[in-house]
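Asks: One structure, as structure tokens, below. Some questions next.
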């Protein structure tokens, strides 16, 4: 760059910093730009791997959507629990007025420290979210759900009033305000969303999410969660087999999938994932119905192997760390606990 151009640029940069504050513009090579994106685990090892960074990125908007009873709130509460384990503060904006506190506690959420709001209108919910984000004191904000963010005009109107596009405009305005503050305060904001059917669609996917298109654009990560089957013990249904597809990812390659089990009253089965991923990467041996690790049998059938790993957390952590090394993720600290002997 010649001297005149360099002087003109320096003057412009100086004026920008003077007018908008230091850090409003900078060179990428200055070292002040954050290169490593901080993440928080989803509570599912397979999903952390599918996301590419080892979890959900902080300072970004995330959307989790799917049909009813597919595990959207369960997955989100697991993220809240993981953030609290890291010493973070979480807020849950319960627009649906349907949060099961007992279930959240079973998933590992510290209810005492969880901030909860049950707003009356969509405007109130999004304003509360914006104030929490701007404070910089909250690490994760969950909005459950976009479909329940009812505009004030709709609540105050008559049943049957036609108010087209009102919720979409509300979401668009809120996200324009939220995005800059989310990045500045490094807050993770998760929107839970529902699925609707587009009427009259002959070709292509008739499914769409509520709240217009703004969230689709502003979200750095979008995840489609589906229940693919049931888990039974005898005749009793004890959980559901779940598939999550990362349909959008601005921080890593998208379109990856994760498969895991959600056990009722327990959440994502970490031990089940460790077994499946261990088998996939030849760390755990599977012969018929038996599972073995380092030549030692750990259980006949997945249920027994899962229970064995639950009883031996040090062994589970050892297998998980081997999986993490293979996949290029950071290892977790190992406890000093010794594994018990497996029962034949």
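For all residues, glycine too, the Cβ spot is worked out from N, Cα and C.
Residues or ranges marked as ATP binding site by Swiss-Prot on the basis of sequence analysis: 66, 67, 68, 69, 70, 71, 72, 73.
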Asks: Count the Cβ atoms, other than its own, that fall within 10 Å of the Cβ of residue 67 (ATP binding site), considering every protein chain shown.
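Replies: Excluding its own Cβ, the number within 10 Å is 14.
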Asks: Inside 10 Å of the Cβ of residue 72 (ATP binding site), count up the other Cβ atoms and send me the figure.
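Replies: Other Cβ atoms within 10 Å of residue 72 (ATP binding site): 21.
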Asks: Based on DSSP, name the secondary structure state of residue 72 (ATP binding site): helix, strand or coil.
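Replies: Once the DSSP labels are grouped into three classes, residue 72 (ATP binding site) ends up as helix.
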